[in-house]
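*Asks:* Dropping the structure in here first, questions after.
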């Protein structure tokens, strides 16, 4: 091989301070988080995320108002149940916004433009996943906090216990956000066609819920409560609710929860597998998309 | 009807791996049915529950949403619809062709699997399975018409359709009886209720009213789609 050299034709080099990996990560994260709510994009893109966020808040506000009037502790939703009760809205939010984050750039073949800059593949995936999870967390945690603050203002008894329950519910919201973001981003990244991403994400949610619901209903009718509990592992909301009930001390709000602490540990392990597996799959997906 | 448009639409909907997505959903229903049959859970109640909860309430709106918005929504969004609209083909023909494709897809991927699941579970006992197939068919036609109209009228068609199918029909239906009566699912159930003597199927709407509403909604959806397509503003893709 002859020794070929790249000739220095006199362009000025950049010798200044570089902002580094943390700056790249933070920029990508902020950009994607804004995209998740349609900020920095036309009003058309903002309608749905904010409409869904408003729908999420409505029952919480109504429940606080009902509690303030009647002073019945039952009028206030349980903090940990809120995400499960409103799961349809959370799922629709995930379905509409996950494709915005995960499939738009693949559809328009602009991923290589990111990777022509000093952006690592893993950083790119982590920033996107974290942005989606943060958006979901905000969607669920804000109404839960409204419930807590409303209860506080309206003099809910046992304020010490309420703090613990509220903090437990926030941990649950983090787990919900991570698991849902992991599932939604993977599905959306593999369905770049417009409209299909939304349908595919909601299909995963609806079909798993209907399948597990049918199995649980029949298992309950036959008083096979073991099967009813373990079937809950196969639909995302019930899965995280198992962790909430068995490890965070919440009251059950799903159809089936396996008994004992080992149910919670298995569910938590499954959540971890979903999140880590999703990062691995997204890493490969975006690396491939970055080549073409 | 225009055969070329139909063919292009079929190819767009089923091309590459998309057919697998459409196929995976009904396959789960069949797996559930076979699993229930194998474990001996195949009485009339369970069959009715599976067909109603999984087939009519989940699979049918979902597939109709994918098919109804998928046949025309993406083309409008990225401006490709102009290549069709600038040909000397009446807009009604375009809408009718797209709607026909959506109905065929919904039937193939939601109605037929529901029928098969019913046949696996109970055969034709008490006319339950044929009733569900027919009810799902009329429901699928109405859903398809509504979602095609939605896709022509709005960019957020899929989300609005989801809000209707999940929030209005399922969530509000369990709180407000009024909302429950105003849903395609209930009208289909009314048709099913009339056709079968099986006790688990109950509907809240009278049969003549349900049929009238189904026809009205289908026609209104078709006309609205054709009307909106006449004055379509094509914006740039986002």
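Here the Cβ of each residue, glycine as well, is placed from N, Cα and C on the backbone.
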*Asks:* Looking at A:96-115, A:196-215, A:216-235, which one does TrEMBL call transmembrane segment?
*Replies:* A:196-215
*Asks:* According to TrEMBL, which listed range is transmembrane segment: A:5-29, A:130-154?
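*Replies:* My reading of TrEMBL: the transmembrane segment range is A:130-154.
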*Asks:* Quick one: find which recorded stretch in A:76-95, A:130-154, A:166-190, A:265-283 has the most Cβ pairs under 8 Å with the transmembrane segment (A:47-69).
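*Replies:* The stretch with the most close Cβ contacts to the transmembrane segment (A:47-69) is A:130-154.
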*Asks:* Taking A:76-95, A:130-154, A:166-190 as candidates, which has the most Cβ pairs under 8 Å with the transmembrane segment (A:265-283)?
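*Replies:* Between the candidates A:76-95, A:130-154, A:166-190, the best contact partner of the transmembrane segment (A:265-283) is A:166-190.
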